[in-house]
Amino acid sequence: MIRDKFDAIVVGAGPSGNAAAYTMAKQGLKVLQLERGEYPGSKNVQGAILYADALEKIIPDFREDAPLERHVIEQRLWTMDDTSYVGMHYRSDDFNEEKPNRYTIIRAQFDRWFSGKVREAGAVLLCETTVTELLRDPQGRVIGVRTDRDGGTAFADVVILGEGVNGLVGQRSGLRPELKPDTVALAVKEMHFLPREVIESRFNLAGNEGVVIEAMGTITDGMTGTGFIYTNQESISIGIGCIVSDFAESGRTPYGLLEAFKRHPSVRPLLEGSECKEYAAHLIPEGGYNAMPELFGDGWIVVGDAGQFVNAVHREGSNLAMTTGRVAGETVVWLKRRREMATKANLAEYQRRLEETFVMKDLRKYRRIPDFLHRNKHIFGVYPKLLTAAAQTWFRVDGVDKRAKEKQIFQSFRSGRTLPGLIGDALKLARSWR
Amino acid sequence: MSDAPPNAPKPPAAGRAGTKRELPERFKAYRHVWVAIECEHGVVHPVSLELLGEGRKLADKRGVDLAGVVLAGDSLTAAQTAAAAFEHGADLVYTVTAPILAHYRNETYTRAMTDLVNAHQPEILLLGATNLGRDLAGSVATTLQTGLTADCTELAIDDEGSLAATRPTFGGSLLCTILTLNYRPQMATVRPRVMAMPAREPGRWGRIVEHPLDLSEEDVVTKVLRFIADRESDKAQLAYADIVVAGGLGLRSAENFQLVRALAEVLGGDYGGSRPLVQKGWITADRQIGQTGKTIRPKLYIAAGISGAIQHRVGVEGADTIVAINTDPNAPIFDFAHLGVVADAIELLPALTRAFQAHLSVNRLAG
Amino acid sequence: MHIVVCMKQVPDSAQIRVHPVTNTIMRQGVPTIINPYDLFALEEALRLRDRLGGEVTVLTMGPPMAEESLRKALTFGADRAVLLTDRAFAGSDTLATSFALAAALNKISQEFGEPPIVFTGKQTIDGDTAQVGPGIAKRLGLNQLTYVARIADLDPAAGTITVERRAEGGLQVLQTRLPVLITMLEGVNEIRRGSLDDAYRAARAQVVRWSAADAGITELARCGLKGSPTIVKKVFAPQGRAEKVRQVPTADRSADELAIDVIAAIFRTQPPLEDDLLRFAAGQ
């Protein structure tokens, strides 16, 4: 048992746990942080997007020393069938600003850096230490944790659970339900190494400029999911993810999907000659607002993926994680200053504060989307095919007159998806989007 | 504790910069290529003979003699070892014969070897990278304050007459060539089976130079109490097997490793694996094939699901035929394999086992 | 009893990649670990301390970030960590490394008590030379015990130690006098987990940091690149074989059909092999 008593114990050293621990330690609280991985970031999948705003609110000058790969100046959205894609690209020199808005990062490095900041701020981090259960007093209030190390108990006024999507502490302690396969996506990702110059010429980049490609369509073989490609300095992150229950139904493997995605004629040239460095899989909670567990209780708070704080539509997660971690930390500091206990009633302040942020507003706005996508899988199969076929009809010059081509395209949409179907999809999507 | 190794030469006055090209005056007399011949328990270690083959080439290139160095506990062992050295290419053999050398001890062997070097001044000294050789080489190099390159995969004489010792570096991702320009002797160790065994020339003979050892048992602190010989069954024959089947991470699970063993068994060969498998605990360390494991020179080597990092490559390059099975057509193993099959080893291995079984039984009946 | 364990922080070599164009090492995101062979030495030292009392000091030479590995060693239960770090050590070969470590060990003796046993792993996974341990032993006049599989007997009062040493074809049982340098064989023990208290203590411990001057080194010419007799002439990626690999076509072939093709190709490449195999099969 650690004899020192802490103001807070933070479970997990990912973006949410680090944000919470940093916020509290910076304000002079005594913080113990426990991470089950070998080092912060070791359990994280490499290659990701960093949203500057959320981090700026925690560490305003992070750009000075954080390991950032490239700032994103171009976003490509691809709708793909087996041989082609229809793309919407947005590229702007405005993104070459003094304080860029989005960066590609390599999580293992970034998390280490973030963790270094947390420790500089005064928190004590113990790695390779798994929390096995929450300790409660006779009244049921959480007062500490038990770990898998010998003599492994530690006590604190409040425990912040930032243990990630499938962290078992909260589940075992009955704080939140087990994950349901239809609200969790399984994403697999690979890092492919290429020389800097090759990446820059292939993606039309200079300096530290970066591109993000997000892709949907037949690459997920009719399942709810998307693929992505990010440019790092000397590597490309490529991945694909689908809802777990879809994998179970289809019998497809994530690895098989990724292989097919990599072999796609529009993707293969981007990876040509690269060396795959590592392969990793990660679960992403995509249930959204409706799948959210209780976020606080007597002596505990949930932050990050553990609380389903992911905006699946915009592929945002780490910014929600950092923001929930920061707000949780601020709430604990606020209670400490007022010399108030971390009771359930007092910790309700956490949710009140979160409601004021984009986190709850966005998640509430999109609360119907996960369900909509789940029920309308044809969105991922039918439309991409129709769209790419239309593009091909339109752009192929073959002696057919343009009016006939228009007609052909319209016909294909009607036979691919009935007119009422088309209208229905549009209405449903609009309703879910509101 | 003090920092004054016995037998140490005075460090050169100034400018120890290794890039300086001019060999210090006191080293100019250093000539000839030496190979330490291991003969513990009266058995000449094959690696020493392999090194003689390599040493012969270096000596010829330099136009100097090739000498074997024999440290032995009795004169019979010394004579038999010297004979083996001559038959494998040595022009002369230095012997130090004393009962206290019967068993290897760092103290006695380091003393004998450094005395010999200081007296007869070789330009190159090669040792086998066995436990004995590595234990001794580190001590000798430190005592003589000279450069030592371990586990070389290639030895050559460069344009300026220096020993260019090439070895894998950075954990076996690249090769590097290392020189010892301003110090003598230039020392290197080579692992067993890395170099080919030279042809034996029966009856070939040379000059024996005996050297005394001024050391008695009372002066030696370390005593050999016992030697517990390994049972025959404990010795992995992997390094000397004619056919080897090996697996890598492409097997995806420890259970699938039995597919490798099954094929090896049908072929009457031995089996092994790449370094990651040892690190994952799928196979024991004595089954590791590669730079830090066993170097093999079989007639047939089948690598299943092994990507072929340099660390592995240098351990198998001596094989007559390398068959690589890998799902990734860009895997580095296809750079040095003779036959390549882009396929999933998990499916192909059992098929190969079945097909070999069928082929051998049919042809046996026919024959 | 005071025991010192020399360790090295190494890149997790399984993950090192070479830049396909420049042939340089790409360090991006390559995690570092304690050289795995050193963990057997550390565990052996901790066991001796637990049995006989005393302290375990871990020592490493490396860049400032090597502190991580030392801290990890403290988590396993080591009592003290010393980091020898100085730009003067950059580019050290094994001889220069053993020079610096020997100086640091002398300093450790003065500051924290003379260690009757200094441990190292049998070799590192990045250099694989196995030379630094013997180098330290020689410089400090320690009796050298390499590839030790078991410490059979240790009598600090009498100043004697008996070990089983892995040699070619068997185990040597060696008895010698302290102080000694031991390089532990791999697989002889398993590193412990370390209690929560150890982890907490390690997280807050001060790692002792010494520069070359702190370690009492005055002859900088014997350190780093200058003090290294070996020089790296070139680093390069190996060439492929001149003769290209012959790929066995796999298109539209089932595993069993492919197996037959592969066997035929093997025997075409090396006809005598078929006879060898038939002889083996006949002998069964």
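Cβ from N, Cα, C; glycine included.
Annotated region 'Disordered' per TrEMBL: B:1-20, in sequence order.
Per TrEMBL, the feature compositional bias 'Pro residues' maps to B:1-12.
Here TrEMBL flags B:33-224 as domain 'Electron transfer flavoprotein alpha/beta-subunit N-terminal'.
Summarising the annotation, TrEMBL assigns FAD binding site to B:274-275, B:288-292, B:305-312, B:Asn326. Residue environment of B:His312 (FAD binding site) contains 29 other Cβ atoms, counted within 10 Å of its Cβ in all protein chains.
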Exercise. What average pLDDT is reported by the model for the domain 'Electron transfer flavoprotein alpha/beta-subunit N-terminal' (B:33-224)?
Worked result: 95
Exercise. What's the most sparsely packed of the binding-site residues B:Gly290, B:Gly308, counting other C-beta atoms within 10 A?
Worked result: B:Gly308
For this session: Show which residues of the chain containing B:Ile306 (FAD binding site), separated from it by at least 6 in sequence, have their CB under 8 Å from its CB.
Result: B:Ala246, B:Gly247, B:Gly248, B:Leu249, B:Gly250, B:Gly273, B:Ser274, B:His312, B:Ala324, B:Asn326, B:Ile333
For this session: Have a look around B:Ser274 (FAD binding site) and count the other CB atoms within 10 A of its CB, chains all included.
Result: 31
Problem set entry | binding-site residues (B:Ser274, B:Thr292, B:Ile306, B:Ile310, B:His312) in Cβ proximity to chain C, threshold under 8 Å | B:Thr292, B:Ile310
For this session: Count the other Cβ atoms sitting within 10 Å of the Cβ of B:Gln288 (FAD binding site), across every protein chain shown.
Result: 24
